[in-house]
C-alpha cells in the first residue's frame with residue numbers, strides 16, 4: 001500500500017467529535033475511459049465545515065459532485081467504490097437520486113437564481129415537491145437563515161436576478177435551505193463575489209454549521225483557514241499515459257493542515273511553492 005493510501009486510511013479513521021455523515025471508501029471517478037480521481041478514503045464529520053483545497057484539476061469538484069450524485073448528469077461519468085450517507089450506499093441502484101439531492105443540497109460557483117421573484121425562488125421547489133406547510137413562513141424562515149431577510153423583505157415580488165451578486169448567492173443558499181437539507185455542498189461559492197460579499201457568505205456558513213454539514217470547494221486557502229473545521233488537500237499526479245489525475249493527499253483538522261501538515265505535498269502547496 002502506498003504512503004498516500006495509508007495516509008488517507010489513517011485520516012478516514014480519525015475520531016471526530018461528531019459522527020460521520022459520509023464515509024468514502026476507495027472511490028474512483030472516471031470520465032469515459034479516463035480515471036480522473038483515484039482511490040479516495042475519507043470520513044466527513046457531521047455539523048462541521050469541511051474545505052477541499054488544491055490546484056486546478058485535482059478532483060475537488062469531482063468528489064464534491066459525488067456526494068449528491070451530480071456526476072450522474074455528466075455523460076460518460078462513472079463512480080466506483082463505496083460512498084455511504086448515514087449508512088446508506090448512495091450508489092445503490094435502489095437510491096432515488098432526486099430525493100438524495102433534497103437531503104444533500106448544492107450551491108454553485110456562480111449565483112443562479114431562478115428568473116422568478118425572490119419569493120418564488122424560495123417557494124417554487126417546495127411547492128413542486130408537495131410541501132403542505134405555510135409557504136409564507138417557509139420563505140421568511142429560509143431567507144432569515146440565509147441572513148438576507150432584512151434586505152429583501154420589502155421587495156419579495158422583485159426578480160431575484162435584480163439582486164447584487166452577493167445577495168443572489170445568499171438567495172441561492174436560502175433556496176437550498178428551503179428544501180430542509182441535511183448537508184450543503186458549496187462549489188467555490190465566493191469565487192465570483194467581492195470581498196464584502198465573501199465575508200457575508202463566510203459568516204453565514206459559520207452560523208449554518210450549527211444545523212448543517214457544509215462541504216466547500218475553494219481555491220482561497222485563507223477562506224479555508226477562516227471557516228473550515230477540517231481541510232482536505234488534493235493534488236494531481238501523472239498517469240502512465242502522461243495525463244494528470246486527481247488524488248486526495250491529506251485530510252486533517254484545519255489548524256493542523258495550515259500549521260504542521262503531515263505531507264510534504266501539502267506543506268509545499270500551502271507555503272506557495274506550487275499551485
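In case you wondered, yes, glycine gets a Cβ from its N, Cα and C as well.
Per Swiss-Prot, the features are:
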- 54, 55, 56, 57, 58, 59, 60, 61: ATP binding site (BINDING)
- 22-261: domain 'ABC transporter' (DOMAIN)
- Task: Within the same chain, and leaving aside 54, 55, 56, 57, 58, 59, 60, 61, name every residue whose CB is within 8 angstroms of the centroid of the CB atoms belonging to the recorded ATP site, in sequence order.
- Result: 62, 234, 235, 236, 246
- One finds that other Cβ atoms within 10 Å of the Cβ of residue 58 (ATP binding site) number exactly 26
- Among 54, 55, 57, the most crowded of the binding-site residues [Cβ within 10 Å]: 54
- Item | Neighbour count (Cβ, 10 Å) for residue 56 (ATP binding site) | 10
- Message: Counting across all protein chains present, how many other Cβ atoms fall within 10 Å of the Cβ of residue 60 (ATP binding site)?
- Response: 26
- Task: Find, among the binding-site residues listed as 59, 61, the one whose Cβ has the highest number of other Cβ atoms within 10 Å in the structure shown.
- Result: 59
- Message: For residue 54 (ATP binding site), which of the three DSSP-derived states applies: helix, strand, or coil?
- Response: coil
